[in-house]
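Pulled from Swiss-Prot, these are the features on record:
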- CYS12-CYS65: disulfide bond (DISULFID)
- CYS16-CYS37: disulfide bond (DISULFID)
- CYS23-CYS47: disulfide bond (DISULFID)
- CYS27-CYS49: disulfide bond (DISULFID)
- 2-66: domain 'LCN-type CS-alpha/beta' (DOMAIN)
Amino acid sequence: VRDGYIVKPTNCVIHCIPFSPGCDKDCKEKGAASGYCQAFGKHGNGCWCIDLPDKVPIKDPNQDCTR
């Protein structure tokens, strides 16, 4: 398990609204312990998951977001 930004298949972070419950819900659906909206982070407002299973893709800093 690890922590990280959940991403779309294009390696773009899933954006969110700070303090909304959406990220916690999305992260838990993917098997994480919890999650929250990381506001004003390096990738904008993105969903950060805690204790996410290794099989779930997270933001790869070595790859660009391809929209």
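Cβ from N, Cα, C; glycine included.
Quick caveat, the model's predicted, so the values are computed rather than measured.
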Same-chain residues at least 6 apart in sequence whose Cβ lies under 8 Å from CYS65 (disulfide bond): THR10, ASN11, CYS12, VAL13, HIS43
Distance, CYS37 (disulfide bond) to CYS23 (disulfide bond) (CA atoms, angstrom): 6
Sparsest-packed among the disulfide-bonded residues, when each Cβ's other Cβ atoms within 10 Å are tallied, from CYS12, CYS16, CYS37, CYS47: CYS12
Cβ packing number for CYS23 (disulfide bond), 10 Å threshold: 27
From disulfide-bonded residues CYS27, CYS47, CYS49, the one whose Cα lies nearest CYS37 (disulfide bond): CYS47
Entries of CYS27, CYS47, CYS49 which, being disulfide-bonded residues, have CA atoms within 10 angstroms of CYS16 (disulfide bond): CYS47
